[in-house]
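Per TrEMBL, the features are:
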- A:20-41: transmembrane segment (TRANSMEM)
- A:53-72: transmembrane segment (TRANSMEM)
- A:Cys65, A:His69: Cu cation binding site (BINDING)
- A:92-115: transmembrane segment (TRANSMEM)
- A:349-586: domain 'Histidine kinase' (DOMAIN)
- A:Asn469, A:Ala470, A:Val471, A:Lys472, A:Asp516, A:Lys532, A:Ser547, A:Leu551: ADP binding site (BINDING)
- A:614-731: domain 'Response regulatory' (DOMAIN)
- A:Asp662: 4-aspartylphosphate (MOD_RES)
- A:Lys716: ubiquitin cross-link (CROSSLNK)
Amino acid sequence: MDACHCIEPQWPADELLMKYQYISDFFIALAYFSIPLELVYFVKKSAVFPYRWVLVQFGSFIVLCGATHLISLWTFTMHSRTVAVVMTTAKILTAVVSCATALMLVHIIPDLLSVKKRELYLKKKAAQLDREMGLIRTQEETGRYVRMLTHEIRSTLDRHTILKTTLIELGRTLALEECALWMPTHTGLELQLSYTLRHQYPMGFIVPIQLPVINQVFSSNRAVKISSSSPVARLRPAGKYTTGEVVAVRVPLLHLSNFQINDWPELMTKRYALMVLVLPSDSARQWHVHELELVEVVADQVAVALSHAAILEESMRARDLLMEQNVALDLARREAETAVRAHNDFLAVMNHEMRTPVHAIIALSSLLQETKLTPEQRLMVETILRSSSLLATLINDVLDLSRLKDGSFKLDIRTLSLHVLFWEALNLIRPIASVKKLFVTLSFSSDMPEHAIGDEKRLMQVLLNIVGNAVKFTRVGSISISASVAKSESLRDPRAPGFFPVPSDNHFYLHVQVKDTGSGINPQEIPNLFTKFAQSQSSGTKNSSGSGLGLAISKRFVNLMEGHIWIESEGLGKGSTAIFVVKLGIPGRSHESILPFVPKVPENRVPTKFLGLKVVLMDENGVGRMVTKGILMHLGCEVLTVSSGDECLRVLIHEHKVVFLDVSLPSIDSYELSVRIHEKFSQHFSRPFIVALMGNRDKLMTENCLRAGMDGVVPKPVSVEKMRSALSELLEHGLLLDS
Amino acid sequence: MELNQLQRSFLEYTAALFREGFLDSQFSQLYQLQDESNPEFVVEVVSLFFEDSERLINDLSRALDQTIVDFRKIDAHVHQLKGSSSSIGAQRVKNSCVSFRNFCEAQNIEECSKCLQQVKQEYLLIKNKLEALFQLEKQIVAAGGAINMVEWML
């Protein structure tokens, strides 16, 4: 043994093998040292490496391995113990680190592997996305084509342009050899070649619609590939060369009415056109799906565009028609207006022209009546008068009715006196009624106002019409007229449920009822009463003279006065009742003084003419005396009654203006009395008028009275009217002619 | 009965009286003379008529019962009755008076008696009717209404 504490290597140092080991170790060490350097370098370069700690570990493991190998270089020759120790230490360290690394790698390597997996996955996804992108782009392109096509198609509303444009654009977009459209004929049994893209050969090829290939295409809404030998695809006159693939699609021809249905009109269309598209034969192109889709979409668009065009055509036609009709209507309206104006003018003129002579006839006939006539002449004149009055009424009625019809009628609203109105109406029918010996009553309810605001003339017309009818159709019996203020219950006519009059502060409803015991009306005819010119056909009305307009006009007037008029009758021979309700205004305080005329009716107030006139009345008969006295007092006179001639002479003073002597009693010699009265007042300037009250009209007696110095005769029984007129005449003329 | 119905009955009753000839237009004159200053005129006159007529009829019966009939007196009475009845419009009474007077002139006692019976009958009839009418009128006035009525008869 040496004292150098060296360790000998096991093998001799200059063996060849040793030499090679030595060199290898050297290179290993080199490599081991450079590897981490490379690692560090590259990791530093990349930013993404997540396992730095592992790198350190690994790096140190490699470094130590390298160190180990490096140090083992010294162990090939004799080396000291220190070297051996260093070697051992290095080896131990290396062992530790490598074990640690190995352990670490167990955790790390699966991660690293999964990273790889993820990478693969991402790559796959990227490839997929690429594919999809490709698809979308294709679709977008298709969409663009469609939009462009649609725009082209829709930019016109002309059917031909639409179809032509479609074919052209499709041809361009899809680079077609040929594109054609087959339209169904009118009969619907055949398809006719209507449009083609390229070839201008004669149109009009016809194929029957029931071909199986056509049915196949029509039954699906997709573009269908068809054989290029089928009749619809044979678009060249001579099939010299083959064509490319052919696709056909149906184009629904929508009708106007289809648009009103909620679901897609596909279900309802019956008619289709056929669009055939041919790819060029010299390219090996196939129909791609997206191209087929494009074709389908285009077909739908074309359908829509066609129907729009059809609608437009329809509406244009309708508009033209309407314009024509408008023009015609306008013309007709103007003509009608002219006609109406002419008619009105005619009526107005004729009316005036007709009225003037008729009035002349009436006036002169009346005057004629006043003169001395033989009975025959009088009869004739009366007939003339009657006829012309009737004519005048007719003319007025016709004019009124025509004015009422075209609504040019306006009510003449003024203050009127209701009492006077009814009195006047009665006065007017009095002559006829007296001739027929009819009894007429008039009654007012106590709450009926004396004055009202309304159209007096028309109200009078209505009243006269109704009352006149009552008189006309009543041969015997009575007519009762009653006027009252209508309460809401009594206003309702069961046959006019729509009439709901509501009185207000300013208005009231006048209810007038005219009941007669005349010939009655068949209830079935009642609805016709108010229609113009309709006369009742019932027998027994011999004097059905009348224009038939009266009730129609009355109804119009009543309606204008916001009222209602109706007639009730229980049947023929049972009389009838006419009722009308009209709306009248309530006069305010300020209106009461405005009266259009002075009432002639005897009111319950004392008339001023005879107020305070002092008279003496001589009548033996108590009742007669009382009645005559009442009449005279009613007229305003101051009456002194006596029952004998002597008493009469006694009380008579010159302040008495009139003395009434009842001459019907034989016991009193009225003639003598009259003479004595004359004597009594012979010295005075004036003497009272002497009037005889005579029961029976006796010509001889009248003459005697007058000869005896009496101033006049008043027939008994005395009436207010007769007395009044007698007094008036007496006071005015001083003489009372035969009344 | 309510007012409207009463008034209607009054009117109808009056209408019937006129229609049947019991009354004539003179009666309506009486109503014209009735007003606020003279509210009971009609009743007063008619009552007077009743008194007068009864008196005259009694006188007539007595006169006819006499052994010697004084036709002049009878004529005078009948004349009076005729006057009164015509003044108030009792038409039938008046008419029977007229025929009475004719027979008076003829001095036919039998016929005159018959006429007197007739006159009596007519008088009683009209009396009943007028009394019923006034009853109705009273009811109407009691119910708050008024006979603001004017009758025209021709």
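Backbone N, Cα and C atoms are what each Cβ position is placed from, and that goes for glycine too.
TrEMBL does not curate its annotations; it predicts them automatically.
Keep in mind that this is a model prediction, so the values were computed, not measured.
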- Query: Taking residues 6+ outside the transmembrane segment (A:92-115), which of them lie with a CB under 8 Å of any CB in it?
  - Reply: 51, 54, 57-58, 60-61, 64-65, 67-68
- Here are some recorded positions: A:Asp516, A:Asp662. Which one has the most Cβ atoms within 10 Å of its Cβ? A:Asp516
- Task: Tally every other Cβ atom lying within 10 Å of the Cβ atom of A:Ala470 (ADP binding site).
- Result: 26
- Item | Residue among recorded positions A:Ala470, A:Leu551, A:Lys716 with Cα closest to the Cα of A:His69 (Cu cation binding site) | A:Leu551
- Message: If I take the alpha carbons of A:Lys472 (ADP binding site) and the residue listed as '4-aspartylphosphate', what is the distance between them in whole Å?
- Response: 39
- Message: So if I exclude everything within five residues of the ends of the transmembrane segment (A:53-72), which remaining residues of that chain have a CB under 8 angstroms from its CBs? That is, six or more out.
- Response: 25-26, 28-33, 35-36, 39-40, 43, 83, 86-87, 90-91, 93-94, 97-98, 100-101, 104-105, 108
- Query: What's the CA to CA span in angstrom from A:Asp516 (ADP binding site) over to A:Lys716 (ubiquitin cross-link)?
  - Reply: 30
- Query: Could you tell me the C-alpha distance between A:Ala470 (ADP binding site) and the residue listed as 'ubiquitin cross-link' in angstrom, no decimals?
  - Reply: 31
- Query: Which recorded positions (A:His69, A:Ala470, A:Leu551, A:Lys716) come close to chain B, taking a Cβ gap under 8 Å as close?
  - Reply: A:Lys716
- Other than its close neighbours in sequence, what residues sit by the transmembrane segment (A:20-41), given a CB gap under 8 Å and a spacing of at least six beyond its ends? 55, 58-59, 62-63, 65-67, 69-70, 72-73, 76
- Message: Roughly how many Å lie between the Cα atoms of A:Leu551 (ADP binding site) and A:Asp662 (4-aspartylphosphate), rounded to a whole value?
- Response: 49
- Counted with DSSP (H/G/I as helix, E/B as strand, rest coil), the domain 'Response regulatory' (A:614-731) has 52 helix, 25 strand, 41 coil
- Query: Any idea what the model's mean pLDDT is for the domain 'Histidine kinase' (A:349-586)?
  - Reply: 80
- Message: Long-range neighbours only, meaning 6 or more apart in sequence with Cβ under 8 Å: which ones does the residue listed as 'ubiquitin cross-link' have?
- Response: A:Gly624, A:Asp662, A:Ser664, A:Leu693, A:Met694, A:Gly695
- Item | Cα-to-Cα gap, A:Asn469 (ADP binding site) vs A:Cys65 (Cu cation binding site), nearest whole Å | 148
